[in-house]
Amino acid sequence: MFSRRNLVALGLAATVSAGPCDIYEAGDTPCVAAHSTTRALYSSFSGALYQLQRGSDDTTTTISPLTAGGVADASAQDTFCANTTCLITIIYDQSGNGNHLTQAPPGGFDGPDVDGYDNLASAIGAPVTLNGQKAYGVFMSPGTGYRNNEATGTATGDEPEGMYAVLDGTHYNDACCFDYGNAETSSTDTGAGHMEAIYLGNSTTWGYGAGDGPWIMVDMENNLFSGADEGYNSGDPSISYSFVTAAVKGGADKWAIRGGNAASGSLSTYYSGARPDYSGYNPMSKEGAIILGIGGDNSNGAQGTFYEGVMTSGYPSDDVENSVQENIVAAKYVSGSLVSGPSFTSGEVVSLRVTTPGYTTRYIAHTDTTVNTQVVDDDSSTTLKEEASWTVVTGLANSQCFSFESVDTPGSYIRHYNFELLLNANDGTKQFHEDATFCPQAPLNGEGTSLRSWSYPTRYFRHYDNVLYAASNGGVQTFDSKTSFNNDVSFEIETAFAS
């Protein structure tokens, strides 16, 4: 129970000027790690929120709040990243403990980047506004992960802790494991009870809840728990708001899952009670590393979007968490625009011309299922003109963006598969829709448009050896070469050869 002094302090901390970590501090459960690319989580914080690295010259810079306690300076990012690409290389810890999150190393599973590291996130995949001010979240595709295996002050063993994260309830999958929280220091699976992390997704391999998901669950290692029992727990609802508050806490023989809409309303308790009655979970053996977007053993097949989150020392009360939720709602998260520069109109038919010098007579076309570039002009055959013409439709996975249907093969769309662009029939699956959705942005070379993958925002339409790929600006694939990248990912939008 709170003393009168702490109740008064909590009431003061819940004012608009306070941040989530001020509220936890007033509740005697201070933040030991605080991460956000969108805003300061303390009213007095004015330091760096995150670090960017741009693709043009690999220079880095840091992004801070516009004012102490305020929203991130998105304009500084936009200026730094103009006409190139940017990755988020560090998410800084605001607590003062130095628990920064950096590119996750290999562990039980290798990542897809150099030397088995996980990928870094695009800086522009999750635009939002907070109280009308632009900011960017962390859109994490499969293979993306951040970690700190040498964290300070985080709970170990059976010590009590709490945590929350603001996540996107529309961006998820059923792979392991989109987590934020406490994990192993070795990046390997060291056994049941060695983790305590928030999970959001629709995996049913271990635990699951009511409906089709996604669900907030707790990753305690070797199991995702949605309640007291392994497997199904009806008290854990599907939660698919654009902005989800997920709150988890654990102590000696107790733990809880709470959640709600981060844009309105209060938190609900989905489970609060004793630890799971299975070997390894009571007492717990937490190790104190911090992960984001991955499992404790570096399982990296999951996807999701992270906006802010903290970890605390001590088991926060429901009252404290309720006040934090009020603060989050007061931040007024709203989804931002995924589109910039010249755009498209759903229903129009276009041809897309290469702008790379020496290749400007070539257009995006297809030969059977292979998407490529071919020389096309008014004297070309009707067949080739149709193969180089595309009907623009509203994005199959996101209505802000677009999908491209073949004129000569109705019902088939450009999609990425293993980062090659293919023409495949729409099979109606969530995976296909995500693979076939692309967001136009201001062209990186100033000509036409650049088309960014919605599901892998580090990757763009790129012609390479006359074949189309979803390519990044530098990377492990041959077609990720930085040479001529800006030209190769920029295409002029022209009247279609055929309709």
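Cβ atoms are placed via backbone N, Cα and C, with glycine included.
Of the residues Asp236, Asp277, Asp318, Asp488, Swiss-Prot puts just one in the substrate site with Asp219, Asn222, Asn223, Gly296, His416, Asn418, Phe419, Asp435, His463, Asp465, Leu468: Asp488. Looking up Cys81 in Swiss-Prot gives a disulphide bond to a cysteine among Cys31, Cys86, identified as Cys86. In terms of local Cβ density within 10 Å, Glu221 ranks first among the active-site residues Glu221, Asp297.
The Cβ of Cys439 (disulfide bond) has 24 neighbouring Cβ atoms from other residues within 10 Å, across all protein chains displayed. Taking Cβ-Cβ distances under 8 Å and a sequence separation of 6 or more, the neighbours of Asn83 (N-linked glycosylation site) in its chain are Ser56, Leu444, Asn445, Gly446, Asn486. Glu221 (active site, nucleophile) is 11 Å away from Cys177 (site 'Cis-peptide bond') when you measure Cα to Cα.
Of all the recorded positions listed here (Cys31, Cys177, Cys401), the one with the fewest other CB atoms within 10 A of its own CB is Cys401.
Between the listed binding-site residues, namely His416, His463, the fewest other CB atoms within 10 angstroms of a CB are found at His416. Asn223 (substrate binding site) counts 20 other C-beta atoms within 10 Å of its own C-beta, drawing on all protein chains shown.
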